[in-house]
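Below you'll find the structure, written out as structure tokens, and then a few comments.
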Amino acid sequence: MVSEPVSGTLGLLVVGGLVVASLVTLAAGYRVVRGPTTPDRVVALDVIGTNVVAIALLFALVTGQGLFVDVSLVLAIIGFISTVAVARYVTEGDIIE
Amino acid sequence: MSSETDTTVIARTVVRVVVPIILLTAVALLLQGHNLPGGGFIAGVLTVTAFALVYIVFGREFLQRSLLHVEEDGFLGGAIGEYGRTFTFGLALAASAGVGSIVLGELLDDGQFEFLTQGVVFVYHVPVYHEIEIPTALFFDLGVYFVVVGALLTILAVVGRE
């Protein structure tokens, strides 16, 4: 699953996307540290998870290696279930009834 | 089912769609685990993730009574006992994965195979998947898979009971 790395204009766009996703992750990290309430922190952590998924996918494009797509797939699944669990904890108080 | 703590229709529908996809990803990672990222551990974790989604959204009663068909009872019976037996089966499978080559060498009668001798079988013309590679390392991966599934589901069920 190794293919040619992207180059040219698309390559520049992908690197730009990597920079933007990294900056958004840093901004969300600030919200995780400062966030006054628990839902703020939860949403910021979810944003970080989604951005790491995006970074893994863009990195798969940069390096041309398909195995990073698996990384992003598994990260997306784990991020989804953690969001569901925390949402249930915030609203109900317990996770498994 | 009490209407007070019920989850929404959106959550139930999404989980109904997502759980088969998670299980399919787990099987794919298990089958490619010997020469690409993946393997028994992450496949087991993803399977437990699917179970945990059903636990969270549909509740403990639904999973254990309607899906697994086990009756609720004591600490080591019921669903927790089943998870414990899964753990034991996986541990036995992983431990005996290396011994299989010795037994096979005795049976085939063409010289003694060493402990942990490897082999691989290719299965061609499988629909959709095209080509499946079955190495002897897959049995160790299957053992790790059952150990992880059993251990994590035991933790989930015991903690969820309290």
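A Cβ is built for glycine as well, from the same backbone N, Cα and C atoms used for every other residue.
Not measured: the values here are computed from a predicted model.
Quick look at what TrEMBL annotates:
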| type | residues | note |
| --- | --- | --- |
| TRANSMEM | B:9-32 | transmembrane segment |
| DOMAIN | B:10-154 | domain 'Na+/H+ antiporter MnhB subunit-related protein' |
| TRANSMEM | B:38-58 | transmembrane segment |
| TRANSMEM | B:87-108 | transmembrane segment |
| TRANSMEM | B:137-159 | transmembrane segment |
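Away from its own ends, the transmembrane segment (B:87-108) comes close to residues 114-119, 136-137, 139-140, 142-151, 154 of its chain (Cβ-Cβ under 8 Å, at least six residues beyond either end).
Long-range neighbours of the transmembrane segment (B:9-32) within the same chain, counting only residues 6 or more positions beyond its ends whose Cβ lies under 8 Å from a Cβ of the stretch, are 38-40, 42-44, 46-47, 49-50, 53-54, 57-58, 132-133, 138, 141-142, 145.
Within the chain carrying the transmembrane segment (B:137-159), a Cβ under 8 angstroms from the stretch's Cβ atoms is held by residues 30-31, 33-34, 39-41, 43-45, 47-48, 51-52, 55, 60, 64, 75, 79-80, 83-95, 97-98, 100, 118, all 6 or more beyond its ends. Looking just at the domain 'Na+/H+ antiporter MnhB subunit-related protein' (B:10-154), the mean pLDDT is 84.
Counting residue by residue with DSSP, the domain 'Na+/H+ antiporter MnhB subunit-related protein' (B:10-154) contains 95 helix, 13 strand, 37 coil.
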